[in-house]
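The structure appears right after this line, and notes come after that.
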Amino acid sequence: MSNKNKKRIAVLVSGGGSNLQSIIDNIEQGNLNCEISYVIADRECYGLERAEKHGIKNVLLDRKVLKEKLSDEISSVLENDDEKTDYIVLAGYLSILSPEFIKKWSRKIINIHPSLLPKFGGKGMYGMNVHRAVIEEKETESGCTIHFVDTGVDTGEIILQMKVPVLSDDTPEILQKRVLEKEHVLLIEGIKKLLGK
């Protein structure tokens, strides 16, 4: 049963859901004072299984089937829920949300990105592509960013960032692992800021 005093967040995922797991763990440990209203995935992924294991409502809205109707379907799921969703967290979500959806949820959607924005952001800059580019550009530091989602790609107002050094023997895979560890920490801090805690 939902606690009426707690804010409710929907978490959108496209992959393994390790950031989702960090949110779940922090809620269960009492470090994060909110509830997950829904986990919504745009493709079959392990994130849905994580939600199922923890008794969290979840739904697959396949981007390949829904195409430009994807954002409308997300709205429909959230609006037809018995209880209100207050915020949306993009945790490794790869689909682009429509401008109408973003305007409707203005300053209520946050995203985690695996670089120090504005560097290595924008179209095509996700997952391993980011870490590969950081190493190719011989950067000495990388990190992750929590930002509000606007109608651009990775252009919204930055909320928090955390730096990670790039070591001389780093491969994209090794760097990704270190950045992901920081993402798990930063995402929780970003949600707390969003909740006003």
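Cβ coordinates come from backbone N, Cα and C, glycine included.
Per TrEMBL, these features apply:
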- 7-189: domain 'Formyl transferase N-terminal' (DOMAIN)
- GLY17, SER18, ASN19: N(1)-(5-phospho-beta-D-ribosyl)glycinamide binding site (BINDING)
- LYS67, ASN111: (6R)-10-formyltetrahydrofolate binding site (BINDING)
- HIS113: active site, proton donor (ACT_SITE)
- ASP154: site 'Raises pKa of active site His' (SITE)
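Calculated from their C-alpha atoms, the gap between LYS67 ((6R)-10-formyltetrahydrofolate binding site) and ASN19 (N(1)-(5-phospho-beta-D-ribosyl)glycinamide binding site) amounts to 25 Å. When secondary structure is read from DSSP and collapsed to three states, ASN111 ((6R)-10-formyltetrahydrofolate binding site) falls in the strand class. As a whole-number mean, the pLDDT of the domain 'Formyl transferase N-terminal' (7-189) in this prediction is 97. A straight line from the CA of ASP154 (site 'Raises pKa of active site His') to the CA of ASN19 (N(1)-(5-phospho-beta-D-ribosyl)glycinamide binding site) spans 18 Å. Other residues of the chain with a Cβ within 8 Å of the Cβ centroid of GLY17, SER18, ASN19, the N(1)-(5-phospho-beta-D-ribosyl)glycinamide site, are VAL13, GLY15, GLY16, LEU20, GLN21, SER22, GLY47, ARG50, ALA91, GLY92, HIS184. Distance between Cα atoms for SER18 (N(1)-(5-phospho-beta-D-ribosyl)glycinamide binding site) and the residue listed as 'active site, proton donor': 14 Å, as a whole number. Distance from the CA of ASN19 (N(1)-(5-phospho-beta-D-ribosyl)glycinamide binding site) to the CA of ASN111 ((6R)-10-formyltetrahydrofolate binding site) is 11 Å.
The DSSP secondary structure for LYS67 ((6R)-10-formyltetrahydrofolate binding site) is helix.
The residue listed as 'active site, proton donor' sits 14 Å from GLY17 (N(1)-(5-phospho-beta-D-ribosyl)glycinamide binding site), taking the Cα positions as reference.
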